Structure formats: C-alpha cells, structure tokens
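Here is the structure we will look at.
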Amino acid sequence: MGSCVRNAPICRPPRPTRRRPQQCAAADPSRNGGAPVPGILTQAAIDDPALRAAYLHCRRTVRRDDPVEYSIMQLMPPLLRPACWAMWAAFSAADDLADAPAGTTATRTAQLKAWTTALEDELTAGHSDDPVRRALIDTMHRWRLDLADLRLSFATLDGDTRGRHLHTWEQWSVWVGDSNLSWATQSMTLLARAGIPVPVWLRRKDSYQRYLDGLYLTDTLTDLAQDLARGELNLPTQVLDQFPDAADHLTARHWSPAAGALIAHLTGQARRWLDQPGLTSTLHPGPAELLSTATRLFHARLDAVQAAGPALLSRPAVPAPFVRWRILARARTRGALAWRLTPLSATPHGSSPGYALPRQTRPPSKFQPPAPHPSGARPPTIPASRMPRHVAVIMDGNGRWATQRGLPRHEGHRAGAEGATRDVICGAAEIGLAHLTLYAFSTENWKRDTEEIAFLFESIRNQLRTYANDKEELGIRIRWAGSAVGLPQDLIEELLQAELRTRHRTGLCVTVCINYGGRDELTRAAAQLARAAAAGDIDPDHVSDTDLARHLTWPDTPDVDLLWRTGGEQRISNFLLWQAAYAELHFTDTNWPDIDRRDLWQAITEYSVRQRRHGAAPAADSSKDGTVAHRACH
Ligand code: IPE
Ligand code: IPE
Ligand code: MG
C-alpha cells in the first residue's frame, strides 16, 4: 500500500519555504529590517553600482519568494545581510533549475550542470554577468567562504533530478542535511567570520541536527500542496508504513482519517524536533535570538498546518499576517539589542577579482577498497575476534626524520602527512579497522615555533580536503577531537565541515586529534559533570565512570585496544588518557615518515596474539604453542 508514492521519484529537498508567498508583505515588520537598504550596502562596503544592483536583485528575489527566510535574515547584523541574500538566492536559483516543471529529467540535469559549471568558471575569473552568481562570487570572496558546502548541495540537487528513494528518517535527515547544509553552515561561518562567537559544539550537537530536521519537516508540511502537485511526497517509507493508505490518499488529494492521522503525527514530530531544550542557552544572544525566532515562526507554521485540515491539499499553510508580525516585531527589538551588545569584530575582505577555488574534478562514486600498497602487499587475515576495534597512533619522529636528512622540520611533517598518514589510513580501511585515531597536534605542541605550527595546520587542512571532499568512495568518516581554544577559525570551520560532510559514511572512522590533550578533555568533562551536579541533574554521591565518559568528546567510540607510537620514544604524551586505560602498547623505532600500512598491519598482527586480561587472573588453559586463552578480553 502507498507503494506508488513511495516508489515515485523524490525530486527536491524539503527546504524552508520555496513556495510563492501569500503573506501580507505590507504587514511584515522585517520588510526593511530597520535600516535603509542602500545604507546597508554602503555599510558592507559594496560600492560598485553593478554589484549593488546584483545584491539588490538577490534581495528582491528572496523577499518575494521566501518571505519567512527573508524575515529571519533581517535579524542578522545589517553588515551580513547582503551575503545572506546572495547565498540564499544562489541556492534557490539552483533548486529552481533542478525543480523546473517544464522539461525532462535530462534537460533539468543539463541546466543545473550548466549553471554550476558557469559558477565554477566565474569563480576562477572573479566575475559573472549573472546577477545572482555575481553577488555570490563577491560574497564568497569578501567573507572567505568555501564553495564546498554549496557544491554538496548542488550535487544533492543533481541527484534529486534523477530520483531518490528514502526509507528511514536517518536517510531523510542525511539527505535534507546534504541539500540544505550549505545554507545553515555558511550562515554559521559568516557569523564566525564576523567575530560573533558561535560555539563549535553547536553544529556537532545531535540536538542541532534534530532542530534542522524540525525546520525541514515543517517546510515539507507547509508546502505539501505544491509537492503533491508535482506527484511527490518527501517522506521516508518508515513513517508512511505506519499509516496504511495515507500516502495513496494524499497523492490522490483525498483527505481521509488516515491522511489526517499521518499529518497530525508529522506535525507533532516536527514540534518535538523544533523544541530542543538548552539549544540556545549558552549561545551569544544574537544567534540565540535568530534560532528562537525561527522556532516561533515555524511553530506558527505548524499551527497553520493543523488548522488547515483538508485545505492543506490545495494550498500552502500560512500563518496569519498578524501572527508573524507579532513574532517578528519582538524579535527585531531583541535582535538589534543583542547585536549592539557585541559589535562585530571583523569586517569583510573587500571585493577583488581573481578569486579562485579549486575545481571539484572527481564526482563521488561508490564505496571501494583503497588502492593496494605499491609493493602489492595484502593485509594479513586476522580472525574477527582478534581484530582491535580501535587503534590510536602517536605519529612521532617527523622532525628527526627531516633533521637526519639535513631538511627543515616541516619537510618531515610534509613527508609524514603525504606519505605515511595517507598510506596508514588506506591500510586501516583495507584491513577493515573500525576506528583509527591519529594524534596530529597536542595541547603541548604550541611550544613549537609559529612557522612549524602554521605548516602543521596547513598540512592538516590539505589532508581534510582530500578525505572529506575527494575520497567518498573509501567510505571514510572524519571526526575531530581537541579544543577549539587558540586554533585558527578557518581550521575549526574545515574540521567541522569535514565532520558534517562525512558523517553519513560507514567505513573506517578516522578521529584526528588536533589541539588535543587527555588532561584537557578530562578537565572539560569534569567541568560538565560539576555543572550538571550544580544544576541538580546528577547526585555527586553517585557519579560513575560512565557518567564522566558521557562527557568525553566522542563518548560512543570504543576504548583504545592498541596504542602505537612510532619514532622510538616510549611515552604517552597526554594522549587519550581515559580511553587508553587498558590499551595494548606498541612502540616502534621507525620515524613516522618512513612508516606505511604494512607497519600498521604488523602492529595489528602482534596485537592479535596478545593476552588481554583487564585485571582477571591468567586463564589456566594457555596453549603450549605460545598462543593463549583470551577469556576476559577479545
Ligand atoms: C610528530 O613529530 C608530529 C607532531 C608532534 C606534530 P615530531 O615533530 O614530534 O618529530 P620529532 O619527535 O621532533 O622527531
Ligand atoms: C606527541 O608527540 C604529539 C603528537 C604526535 C602530535 P611529541 O613529539 O609532541 O611528544 P613529546 O614532546 O616527545 O612527548
Ligand atoms: Mg616528537
């Protein structure tokens, strides 16, 4: 049942408000956002008349087509608004091409491709005659934004033109995240570039992802009539199966008890996702006001969905103008006050031509095993029960490797990153390891000279780009552990983006420890426990080790089974103090740049015959040939 709908191609992401507005714009207090538009452009140092016209074109488009989003953008500091208009207008332009009612799948795909290719070319040239792309190119340069997020959205839109089947809420969430990520991420980046402290944990929070899901689900419900008119129902099979016949009735535009029950269920779901307790509690008041206003507006949209009943099948559900007016009037006053409390500390870069971004040359392809080692070596066969789940590596000896060759230390870092790290990651994927954690920069490494540190960060950036953007086929997920304090903002952004872009991958999970210290991680976990105790959420007399572990950066990661240090030193150097409590230690003399995947395989092979007891007495039946019983361990 409902199969015709569920097998129908799902062609566009449910993203906030792409319907043509029916709101009473005149009653909208955000229409002018409190400052005259030419003044905003001047304040943002957008002086070139053609460029001003391009930004105004974007603003008109957003205000006309997406008034709710426009209202929310008007709560951004005036200096940042033109960038918001340009980014949204660009995203909408691409979405409209992917969604064009006229034409075939092939023509839609071709048109989208032509638009995105033109954008890539024009980014290199630094100029476009198309007003939306012109404003976007300027924005990307002014605020040093990365095209990678938009590329991900474009690639997802492109996939959507060919049809897509979503079965679970999890798949749905990844899909909406990929197609909408650019907007949410770029807005955060923009605030950070302007010096507004948006804490790095926000985007990693499950509650934030759920909140975004709530926004998108609300949008799907609001725009149901439009989607149904195109023969689409952008919902996963998982939920449709719970309401037999509802999907068929909705696509036939027939309001039935089943359809009503499905809509009521989804409305409740969206409300629960929107209400994420504590999401804004420690945020700067500006972003906090933005998020809570969006929540209120989207709840008002859900009220309209509930009130619409059968009318939902024929027109978008729109809250009454005075409802929006009330929400926005209050938000504007509070938002303006919030931004006044913390003035922006960074200004845009200024416009200049010749802004080039590397081209994306390789389209994402299917999950594949990595290329084999040049020697032709294959991984050893390790019984599953003997495989470590988590190997952590202190990649040491880069400096000595370089010094021994009369080279500057940074050449050792380059050789280590480009040779050993890459190869060991391939080897870990090839042997089927689940978790590989790499120590790349410790909280103590700040003692090194600034040039060496800058080089290390640059090489980390290059590695991230390789794995997050170009190696989709290996299925490698990237995560970061460490403190944001002191790290360059653009590196933090890249780390978070790499996490977001690879979060759906199910192969090897590589955690890079950057500005990481075991003591720092434990201190922060202890502080969180103390906060919870002070708030009365936990009883200090009953704190267990699992309570503390819950506050580590990645609490779901299994303990380290094997801790390997290269370069001849035999110490832990503040690495994974909690997680490595029962790790098997493995020290090798070779400096990191001379390491390759075969050394990892050797380490794993040695690990696989070790006896792990975790405090238990040795097993009585150790076999005579040197292998041992593994009662307490594997
Ligand atoms: C490890 O190599 C890399 C980092 C600590 C970032 P080193 O730079 O510590 O190399 P050695 O120990 O000085 O040879
Ligand atoms: C540990 O290496 C940190 C990393 C590999 C990132 P170090 O070279 O900094 O450690 P120590 O100073 O020799 O203990
Ligand atoms: Mg060292």
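Every residue, even glycine, has its Cβ placed from backbone N, Cα and C.
Because TrEMBL annotations are produced automatically, they should be read as predictions rather than curated entries.
Check TrEMBL against the ranges 60-82, 106-128, 612-634 and you find region 'Disordered' recorded for 612-634. Counting other Cβ atoms within 10 Å of each Cβ, the binding-site residues Gly397, Gly399 show the lowest value at Gly399. Ranking the recorded positions Asn445, Arg565, Ile572 by the distance of their Cα atoms from the Cα of Asp396 (active site) places Arg565 first. Working note on the recorded positions Thr443, Asn445: by count of other C-beta atoms within 10 Å of each C-beta, Thr443 ranks first. Checked against Glu584 (Mg(2+) binding site) by C-alpha proximity, the recorded positions Gly399, Asn445, Trp446, Ile572 yield Ile572 as the nearest. The distance from the Cα of His413 (substrate binding site) to the Cα of Asn445 (active site, proton acceptor) comes to 13 Å. Rounded to a whole number, the distance between the Cα atoms of Asn445 (active site, proton acceptor) and Gly397 (substrate binding site) is 14 Å.
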